[in-house]
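Positions annotated as N-myristoyl glycine by Swiss-Prot, on the basis of sequence analysis: G2. If you look up Swiss-Prot, you'll see C4 marked as S-palmitoyl cysteine. For 32-357, the entry in Swiss-Prot reads domain 'G-alpha', with the evidence type sequence analysis. Among the features that Swiss-Prot reports, region 'G1 motif' is placed at 35-48, with the record citing sequence analysis. Annotation comment: Swiss-Prot describes E43, S44, G45, K46, S47, T48, D151, L176, T182, G204, N270, K271, D273, A329 as GTP binding site, evidence class similarity to another entry. According to Swiss-Prot, the feature region 'G2 motif' maps to 174-182, an assignment based on sequence analysis. The region 'G3 motif' annotation in Swiss-Prot covers 197-206 and rests on sequence analysis. Marked as region 'G4 motif' by Swiss-Prot: 266-273. According to Swiss-Prot, the region 'G5 motif' annotation covers 327-332.
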Amino acid sequence: MGNCESRELVAQAKQNKIINTELDKAKKTDENIIKLLLLGAGESGKSTVLKQMKIIHNSGFSQEEISNKRNVVCANTVQAMGALLDGMKQLQFDFSTRVCNAHEKLIRETLNDKAEYGPFSDAMFNALTELWADKGVQCAYDKREFFYLHDSAKYFFDAIARVHTPNYVPTENDILHTRVPTMGVIEVNFTIKGKFFRVFDVGGQRSQRKKWIHCFDDAKAMIYVASLSEYDQVLLEDNTTNRMHESIQLFKQVINNKYFVNTSVILFLNKIDLFEEKIVTKKRSLGIAFESFSGPSQDLNAAVAFVEKKYRSMAENKEKNIYCHHTCATDTQQVQYVLDAVLDTILSTKLKGCGLY
């Protein structure tokens, strides 16, 4: 089950060695190279932002990359169903049809199998389809804030039939929704207006964070990606810590670190679409995470402004510029607009005095 993802992790490790060697050799004074650091807690969407940069500025994904993602799509779908079934058990919901007990057994066996995971078998297709249609599973999904479930779960469940077709090829949107934890460093390069950008995405899980700081003290700008929608969720690593609280504390550590005193900070408050759904449609007030939030509880603008203020307040230097954007990282058109504005900001002469270049 895990080999298709472990291959990606091995590839990441090899790439990480290459990048570290190049970093050691790079001339920090080269004015035509702009190094950008992409930071954020796990599952904030920063790797999705990097994929968007690859699509928008670096001619997208190769045929080999697209082909390799098919297994990742399948693995993510089965993993999401496994997590949903765990949540269902936690909430003590029952299946509405008996056949789903056999389907659950297949999901569990597949998740425990460490062999290569390929396209859905007919049995797996039937299991996923009928489980997703089950009323008990749907009830658990509606209560997903009480257990860990990846944001892209519904996207992949709704795509089960399409993914099961013999000639299925992952779309860019499919790839944007895939999830493989970033281990080490991933780099994307592109040139704009005569400047060579090197963008580095580093691991967001706790175990990866200590590797960030010393390697990137010469970064010209930092893009910190924070998920707005995680205010009612807990960390995958410990299942107790509020994810937004964790992200805010991480932002505090990074923005006040001595290595980044002269680094401009760009804050992406990401997943605003999911945030709006929770605040407006599901009526889950931000007060769940912050007792000081006075509302109005269903006011999206008030909630976003509160979170933005929380992040900004973490800077010890109150004069430090923090350029904030509200984003949906899976929306290529919107991300392109935001990235164009960000890169123009980085290149503008107005910010030369801030140590950009």
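Just so you know, glycine gets a Cβ as well, placed from its N, Cα and C.
Values in this document were obtained by computation on a predicted structure and should not be read as measured data.
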Cβ contacts the region 'G2 motif' (174-182)/the region 'G4 motif' (266-273), at least three under 8 Å, sequence gap 6 or more: no
Long-range environment of the region 'G1 motif' (35-48) - Cβ separation under 8 angstroms, sequence gap at least 6: 150-151, 176, 179, 181-182, 186, 197-206, 212, 216, 218-227, 230, 235-237, 243, 246-247, 250, 254, 263, 268, 270-271, 327, 329-330, 346
Lowest local Cβ density (other Cβ within 10 Å) among binding-site residues: E43, D151, D273: D273
Largest tally of Cβ atoms lying within 10 Å of a Cβ, found at which of the binding-site residues S47, N270: N270
Neighbouring C-beta atoms (10 Å sphere around the C-beta of T182 (GTP binding site)): 22
Proximal but sequence-remote residues of the same chain as G45 (GTP binding site) (Cβ under 8 Å, at least 6 apart): V225, S227, F268, N270, K271, T327, A329, T330
Conformational class of D151 (GTP binding site) under the three-state DSSP mapping: coil
